[in-house]
């Protein structure tokens, strides 16, 4: 994020660059075109100046080691944010679809786990472990893959990780023992977490904060509806063709998407694009021209000290991060817990509705999908409230991102309460599904608010903050399914859901607190305060 100033960006040749830029180019990060005097002080010839201008970039600083630091001009057509709008939304859609697919693979496993248990000879608890280990891979994968995408680019990380993710569908389809299943599921989760690590970055690469509300909403929708879609789409396949066919189909579908990534997903990280440009400029000019990112990249300890350890630091020291992590962790935990709970509520045994076809039981997860789409429909209204608040202040107002969550978060406990006391077998099956739809509605709105608020509030540190939030989300998501079956069998469907409803009431104050007091909290944060009052 860069603070808006009145400085004019001149696209005229270097000889006519404004003289007011002389000192600014050396001292700050404004995208002002340097003056001829500044270039003369650096010993840059007019020929090199023209080459830089033709490539839509300029020198803005000489570092202590004598390297000339280059940045792109706002008019640079190679900058992802300057690409055509349809292309930017198409890429966000593709990245979100990849995110959807890896989330689909989380829950799709559950639709065939009972057959797997019978054939390979292990119990329900160990079957659930295959679900939890995948989500555990989701937790640790982004901590390593996100920094790699910042250093080497989005595209290489996508290609390598997606290839591994696809290949490891094969040993699962051929598995003859539990160990193979568990090891492969963790590797799948770890490598499949690349879209979790990258999709938010792709959105930020392509859209500014003020322009990116709808793009973030699309990203949030892919995260919200992916896991329940996995159950709905895979249930009949597992029932009719057997559990091994789940992974054969995944192998085919994910393999096809590898080639879609290869041919249709370009590099979107601007620092990587700039580094390619400066490599050509160094060769053509003979000067030590670098993007700042290239020099940082040469220091390997920066990768670990900042990009890997900082998310954990934020998680324990930044109130915004740990509050968002707490509420996000609970709602995702509830979604993954449903993989164990829904077969008991709607299937045979435990006083459920007694449905015998697992495909039909898994269709009930569409309640969460419907709720997510209803929440997504609020996006234009939420964006309008954000722009009204930001216009009134004259700069970005992150707290207004919580506006819709103020009245939508209560739908989570309300929905669970309805589901709890309408889940008796003698009541219509549609009644608890209405409750779960309301939960899905609140779930999506909370998720979208968190993604927007953290990015707005932390700016260039948002990747670290989101890293901490996502880590907690997936740790909780891995734990919840492990006790879900025992809880529902021991307490009964009604009291188990009622307990979850009571616990979810604890989420309601968090959006209100951050909406009312978030600005004060951000002022006290050394990471938020560095760009307080800025817009992008």
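Placed from the backbone N, Cα and C atoms, the Cβ positions cover glycine too.
Taken verbatim from TrEMBL:
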COMPBIAS  1-10  compositional bias 'Polar residues'
DOMAIN    88-519  domain 'Major facilitator superfamily (MFS) profile'
REGION    1-27  region 'Disordered'
TRANSMEM  89-110  transmembrane segment
TRANSMEM  122-145  transmembrane segment
TRANSMEM  157-175  transmembrane segment
TRANSMEM  245-265  transmembrane segment
TRANSMEM  320-339  transmembrane segment
TRANSMEM  359-381  transmembrane segment
TRANSMEM  402-423  transmembrane segment
TRANSMEM  429-451  transmembrane segment
TRANSMEM  463-483  transmembrane segment
TRANSMEM  495-515  transmembrane segment
The transmembrane segment (495-515) in contact with the transmembrane segment (89-110), cutoff 8 A, at least 3 CB pairs, sep 6+: no
Most Cβ pairs under 8 Å with the transmembrane segment (320-339), selected from 122-145, 157-175, 429-451, 463-483: 463-483
The transmembrane segment (89-110) in contact with the transmembrane segment (245-265), cutoff 8 A, at least 3 CB pairs, sep 6+: yes
